[in-house]
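Accompanying notes for the structure given below.
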Amino acid sequence: MGKYFGTDGFRGEAGIDLTADHAYKVGRFLGWYYNALRERNGNNEPARIVIGKDTRRSSYMFEYSLVAGLTASGADAYLLHVTTTPSVAYIARVDDFDCGIMISASHNPYYDNGIKLIDCYGEKMPEETLLLVEDYIDGKLHVFDKEWPELPFAHREHIGCTVDYVAGRNRYMGYLISLGIYSFKGVKVGLDCANGASWNIAKSVFDALGADTYVINNKPNGLNINNNAGSTHIEGLQKFVVENGLDVGFAFDGDADRCLCVDEKGNVVTGDHILYIYGCYMKEHGELMNNTVVTTVMSNFGLYKAFDEQGIGYAKTAVGDKYVYEYMAKNGCRIGGEQSGHIIFSKYASTGDGILTSLKMMEVMLAKKMPMSKLAEPLKIYPQVLENVRVTDKKAAQNDPAVQEAVKAVAEALGDTGRILVRESGTEPVVRVMVEAPDHDTCQKYVSQVVEVIKNKGYGV
């Protein structure tokens with residue numbers, strides 16, 4: 001991770017950690033950089049960069065700042081307007097853009113925002129390019145083995161154009177609809193759009209496939225994104241599904257790159273359940289490449305036990321869909337993801353896609369003619385307690401000898417009946433302490449022990 005860009009982009013409180021000036025500089029550099037790459041390859045056409053945003057009030061400010069920077073450097077900016085992160089990745093790839101930019105802080109509250117950079121393949125931008133962007137933000141410019149005093153401004157006809165590209169968002173919706181191999185007619189589906197980027201996409205896709213679609217949290221006002229809504233506050237959808245007698249529910253986060261499910265009884269179906277259900281489905285159809293499902297270290301003990309029972313192999317990566325996708329691409333795997341609901345179907349997408357995930361879960365339900373509760377039933381989840389500790393210095397807190405000694409003591413006490421995982425967040429000033437054990441009280445006891453050490457050492461905020 002660099003100074004500004006973490007595992008999921010440049011993220012922080014809008015106007016404080018991430019400002020309009022930052023966004024302008026990101027646009028200035030990327031516009032110049034991709035024009036320079038084109039010129040070095042004998043192409044004098046202006047660079048084309050596609051931009052999407054979520055529903056936060058500050059997203060408009062950052063969009064305008066990015067466009068100002070891009071066009072001042074002579075690049076053309078194509079605006080998808082309010083749309084999902086996976087749609088930007090899809091359009092960047094299929095419509096031959098130099099790169100894509102998504103303005104979102106995903107599941108964070110409305111006052112945060114972020115800038116995610118996506119390359120021309122629809123994948124997260126390479127680390128070396130991100131470091132060049134960071135250097136420019138900090139006033140340094142060493143590119144193509146040369147120091148540059150300042151970026152030149154485009155002028156006259158070379159100033160970039162701004163293009164309304166809502167057609168790109170519609171193209172993405174058409175792609176999702178094309179993946180529906182079964183009619184959803186007669187299936188009552190609940191959607192929680194988190195007052196976020198999926199509000200104007202998800203229902204249209206499900207309606208087109210014939211579902212009886214019921215939607216909550218689809219009235220964004222710029223301040224209510226993720227507010228007691230979406231995949232991080234799924235209790236509202238649980239109640240909605242049960243009260244309305246729905247067959248299944250799907251909850252997305254603010255930029256719709258993740259999805260969690262609710263079965264017809266109101267039970268939560270996590271990302272681990274989704275990996276298990278679709279992993280088994282792929283194995284049954286001979287489509288589970290390398291007989292491997294890619295997970296992260298945060299996946300539950302129970303998932304691996306269930307995979308063992310089904311004869312399915314698995315890999316574990318660091319937390320972050322970036323690392324999941326890198327492993328999948330390197331090893332030819334078709335499915336991977338996180339407990340939080342970031343699920344990647346590499347045959348269809350280069351990033352986690354919440355709406356795609358919901359369609360794939362519908363596919364399994366309809367193909368097997370089974371309710372979601374039955375599909376999820378074989379996976380027995382170990383009790384888990386996770387506490388996010390806001391700290392002054394997450395690296396120092398995690399590496400403190402006293403904290404490490406406390407973690408070691410818990411691991412020894414658990415033995416092979418559970419596990420403890422302590423890690424720093426890639427996007428927030430937080431250390432996450434997670435314990436899985438045979439019962440909830442044991443989990444809570446050991447989490448509290450480690451959290452107390454972190455706070456007693458003076459790292460707590």
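Yeah, the Cβs are placed from backbone N, Cα and C, and that goes for glycine too.
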Check: Out of Ser106, Ser350, Ser358, Ser373, which does TrEMBL tie to the same Mg(2+) site as Asp253, Asp255, Asp257?
Finding: Ser106
Check: How many other Cβ atoms are found within 10 Å of the Cβ atom of Asp255 (Mg(2+) binding site), counting all protein chains shown?
Finding: 35
Checklist line | All-chain count of other Cβ atoms within 10 Å of Asp257 (Mg(2+) binding site) | finding: 33
Notebook entry, point to check: Relative to the Cβ position of Asp253 (Mg(2+) binding site), how many further Cβ atoms are located within 10 Å?
Noted result: 34
Notebook entry, point to check: When you measure from the Cβ of Ser106 (Mg(2+) binding site), which residues in the chain that are at least 6 apart have a Cβ under 8 Å away?
Noted result: Asp8, Arg11, Thr85, Gly114, Asp253, Gly254, Asp255, Asp257, Arg258
Next item on the list: Using the centroid of the Cβ atoms of Ser106, Asp253, Asp255, Asp257 as reference, list every other same-chain residue with Cβ within 8 Å of it (recorded Mg(2+) site), in sequence order.
Entry: Asp54, Thr84, Thr85, Ser104, His107, Gly196, Ala197, Phe252, Gly254, Ala256, Arg258, Gly354
Notebook entry, point to check: To what whole number does the mean pLDDT across the domain 'Alpha-D-phosphohexomutase alpha/beta/alpha' (185-266) round?
Noted result: 98
